[in-house]
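A.B. asks: Annotation source Swiss-Prot lists domain 'PTS EIIA type-4' at 1-124. The annotation active site, tele-phosphohistidine intermediate is assigned in Swiss-Prot to His9 on the grounds of experimental evidence. Here Swiss-Prot flags His9 as phosphohistidine.
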Amino acid sequence: MISVIISGHGDFPIALKESSGMIFGEENNLIAVPFFKGEGIQTLQEKYHQALKDIPEEHEVLFLVDIFGGTPYNAAASFIAEDQRMDMAAGVNLPILLEVLSLREHLALKDLLNNLKAMSQQSFQVCSEHLEKVKTANQDTREDEL
């Protein structure tokens, strides 16, 4: 089982957790750790330390943070460097969190991260590209009817 700590600037991790709850319901071992204006990296590391106390020893731990190289990322990196059962992915969004929640009971952490790499490219979509595909398909259908 993989426990998840979502972290990021402001209320972002709290909102992300609430949004996932609207879709999947309440999840165990999903912890939101916000980083607020005026807090330093030591404060955030203490929040992580407190969150980790609530996670069973046998669980792997995935930190999902908003920005690569930001304070939430840097604070988590110090824990990951000390514990091989932990890792992190930056650039979290709702589709990525939902993917994690749907797979975390079935995959090991490294396998889950590999899935996320592939999935993250698919979660970013441009509407006009899809509309163009529909338009082209409709034109092809009309031409076939003639």
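For all residues, glycine too, the Cβ spot is worked out from N, Cα and C.
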A.B. asks: What mean pLDDT score does the domain 'PTS EIIA type-4' (1-124) have in the model?
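C.D. replies: Within the domain 'PTS EIIA type-4' (1-124), the model's average pLDDT equals 96.
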A.B. asks: Validating a neighbour-count step here. Other CB atoms within 10 A of the CB of the residue listed as 'active site, tele-phosphohistidine intermediate': how many?
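C.D. replies: I get 16 for this one.
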